[in-house]
Every structure is written in structure tokens, then in C-alpha cells.
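Just below is one structure, and these are the notes that go with it.
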Amino acid sequence: MPDATGVIARNPFEEAPSRLNQYTPEEAAALQARLEKKLGPEYISSRPGAAGLKVHYLAADKCINLANEVFGFNGWSSSIQNIQIDFVDESPNTGKVSLGLSVIVRVTLKDGAYHEDLGYGHIENCKGKAAAFEKAKKEATTDALKRALRNFGNVLGNCIYDKDYISKVSKLKTVPSKLDVGDLHRHPDFAPIKKEPMRVKPSLEDDDLPPNPSIAGRNTSTNSAADMDAEFGSDVFDEADFNVGEGEYPDGIVAEDTQKRHQPPTPVGRPNAHLNLPKHALGAQASGNQHVVTPSKPERPMNLAPAGRQIPNQALNNRPFPPPAQNQYTNQRQSVPLPGSNGGLQNGRSIPLGQRASNGMATGSDAGAQVPIKQEHGAKQPNPAPQNTAVPATPGINGQGPPVVGFLSARGADMLRENPHSAATVAPAFNPHAESPSIRKTAGVDHTKSIPISKPMLAGSASPLSNQTRDFINPSAEMHRKIGAPSGSVVGGPMNRGPSVSSYRPLTRPNVDPKAAAQNNTAAANRMAPNMNGKRPPLNDVTNETLPGGNGCTPAPGLNDPKRAKYDESMSAQQHQQQHQH
């Protein structure tokens, strides 16, 4: 009915028309294929049940995540249709509550299809009614939701009721998942700060370098044909070189032999000539040309290096090159060509294309703009046919001769590093036969030769004594150990330390004259015994008692004392005292 403003308001008691989004046949088929798959062992949980058996189930959180994954977060919904309380009992003595209830939940998809099922929850002997109803209703709702979702297919839990499947999948082992901190939703105040990668600042010597061929190759798609020719020079990347049509991919086509094709003439006004590049060189340039030699990047010892092309002055960031006498390349790295080294091969190896002088090479100022490539020193080669241009020999770094290459000692290497040119004649050479005094060597073995070691060679040398035990002995456990003295049983002590090999000398017997030995034996036999019994006299006891008539402690005379008066037992005690007085 219209209101005061004349606008007809909708009846709030009427149900709103449902907006259904029907699945297309393709979506329905894809959804059906997902629902028919069975779950992996990582989704299935188990708990102990009756009679010692395990009860397998699908946790509620995993079930909801599976529904969102299959249907989408906005592709399904759930609603509680009915809650029925079955019983509520309260104990009159303890006041504890026991109840049970059932809940019916409906799960509806976005196209209107739905399933509903029953869930049950209960609690026994709860202290309060509120806690009892909360626990029972949540349990029943969760149970009803899982049972309603399993009606859609195996992937939502229906496969758990297959005993044959459970018996097989429960034997599979799962690897615990690792927590990825980057996937966590963090609060902005506690989120880790992402550090930007450090940008390498280009050095001053790289300001006038030619552009990277890989970067320049990517920019050619947006440039015109004239700009491409001006930047790369001539028709280096022409279709004739690749032998590829307009609709073909050049990386999958094998280029024909470059020696059988005739090189196109050099157009007038273009600074560079056409270079015949081999197949591997073309592939290297297409993939980034990582072997380009620049003043800041030394060359690599490869048999075939990329071609050193000449780059026009107008293409180098619109900055002309300085004259050849002030060229930066000649100040940092100059090639050292040898006489007659313009051939195609050197000692059976191919020379990089940048070292050859072709018929179409430019001369004069263009030669100074070319990126030179260092050439190896090899044997003399036959002089090839005369070329149109000749590359003059250039000195080494800073106008000096090339550094001397050889084997030097460690001290010589340090001297050569500080002054590579003047120290080459003064630095000591490496001596492979030098003997170091700090290295111990086995006695009796010739270390200057490589020969097998036999047992007679080692007969004169003794191996160091090995330790008697490796177990640690507590020094306090020795009862007769002197305070401050090292223990005799400690591993590595001076008592157990074996003699070194270098200082060991075998024991030798002294040369004894047999006549002198016989005289010594005769003199020892005629020597008188120390006492009448021919034995060592026994030790006497010492006392500190004061004898009568004496001033101090006088030790009692021993039995074998020569100053003691000898008497017979039959003598009277009177005579014995008189002898002592005398």
C-alpha cells in the first residue's frame, strides 16, 4: 500500500523471490568430478572407540574447508531447520543436569539444490543448565552439518563410511606439514618488514659501456625497422640468418650452414658489416648473451666466444665514443694479437669471431669502438691470405708489456700481486723439491723418490708409543699422587708421552774389557762382609726418651753397634753397670 509520500512499500511478510544461479553444463560436470574423488589420509582423523576399535571421522574444520574449496565461499549456505529437546533431567541430590537434543540442518547450493540431515548432542551430569544446553546444541549442529554435507559426495566425507577404503587408506603415512610464516595473516603493527633487494649501483667505469645485448634484444619489439638496424648494425638478425619464416619460432629451428651462404653486401652508410654467427652463438645471444666481454667483465676461457660486434656511435645511449687514442677500452683491457693470428684456427682450436679480420670489417675510428677480446698466446701459425685491414699490435695494461705467467712461491705471489710487472723478474720461483723443516719425515726413507716402502727400511725406525688407554682418569682418584705433580696415568702427560721419532736412538751395550771385569769380580769376592752374618744390619728404633745421667736424648745402642760393650748373659748386672761407667 502507498505511504504518505505516495511510494508503494514492499510487504515485509512476503517472501523475497529467490535468485538462483544455475550451473552451466561444464560447471556441473567439473563439480561432479570433484565430488566423486575420495579423501586422502591427511583429512581423516581417528579416536579410540568401543572394544578397542578406532572410529574414523572427518573433523568439522576440515569439512567446512572442503566445502569452500569445492563450492566456493559464496556457493553454499547452511541453516538450522529445527531443534528438538529430547530430555532434561536434574538430579535432586547433586543438582547436576543431563540432557539430549536433536538438530536438523539444511545445506543449500547457489542453484537451489539442498540436503538436510539430523544431528544429535547430549551431556551427562553438567553443573549448570546453560553449559549443558550450549554444549549439546553445538554438538548437534556440527553433527548435522557434517551429515548434510556428506550427502553431496565422497569428497565431503561420504567415503569414510566405506570400510574397505578405510582399511586401506589408514595404512598410508602422511608427512606433517610445515608452517609457512609468509602465508599468515598478520596485523599491520606486527607484520614483518619486507626488505627490498639491494640495487647494485653502477660503477663510474660502466657509464660509457654499450647496452646489454639481452636488454637491447627485448627492446627491439617496440622499435621500428630503421631503429633496429641503427642499433644492432646491418642485418645481423635478418631472416636470412635464421632461415625462419614470420610465423615460426626461431629457437626450435636448426639454422643452415653459414659457410655455404653468401654474405649480403654492406649497405652504404652503415658502420658495421654482416657477421656470420654460428648456431650456438645465436642461441647464446638469444638467451641473454652471458659471455659478452666488457671492460668490467673478464673473458672466460672458452673455445668459442660470442662475436664481438661493432656498435655504432649513435646507438650507445646517444653518446659518441672518444677518439681511439683516448678510448676507455684500450686503457683497461687491450687485446694482444700475435703476427699471423688472424686465421680461423689456432693449435687445432677455433678462435672467437671477434679476433678474426673479415673482408667486411670496418677500419679507422670504427675499429676503436669495437669491443676487443683477449687472445691466447699460442704457437706460430702460417700467415693467411692478406686481408683488407690489419689490426696493429697494442700494448698491455697501462701501456706496459703483458704480465709474465709462471709458477711462483707464496712470497713471490704476494710481490707479483702488488707490482705485477717489475716484480716478475725478482719474485722467487716455486721449488717443488724444497724441504720444509716443520714437516717431520720418517728416518731411513728417501723422500726425494717415489718408491714402495719395505719392512727392512722401517726396521731401524721405531713408531711412537701409543697411549695405554683413552679413558679419562680423575687425578683425585690416585691415592699416592703428589700435590702439584702431573699424574702418571693422565693421557698425554709427560709420563705417557712417547719419544719422538727424530730423537729416538736404540740402546747400545758399552764395550767392557773382559780382564777388567774378571779383576772386579775377584775383588768383590775377597771383600769382607758388612757384619758377622754377612747380611745388611736391620734398622733400629729411635726413641726420644732421656737416659739417666744424660743431658739429652741419646739413642739406644743397636745390636751391631761397634761401640757397644759385649757381655755374656751369665755376667752379673753389677759388672754390666761397671763396664758402662768405664
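Placement of Cβ uses the backbone N, Cα and C atoms for every residue, glycine included.
Segment annotation: Swiss-Prot labels DNA-binding region over residues 146-150 (candidates 86-90, 146-150, 411-415, 481-485). Across the DNA-binding region (146-150), the model assigns an average pLDDT of 96.
DSSP states for the DNA-binding region (146-150), grouped as helix (H, G, I), strand (E, B) and coil, give 5 helix, 0 strand, 0 coil.
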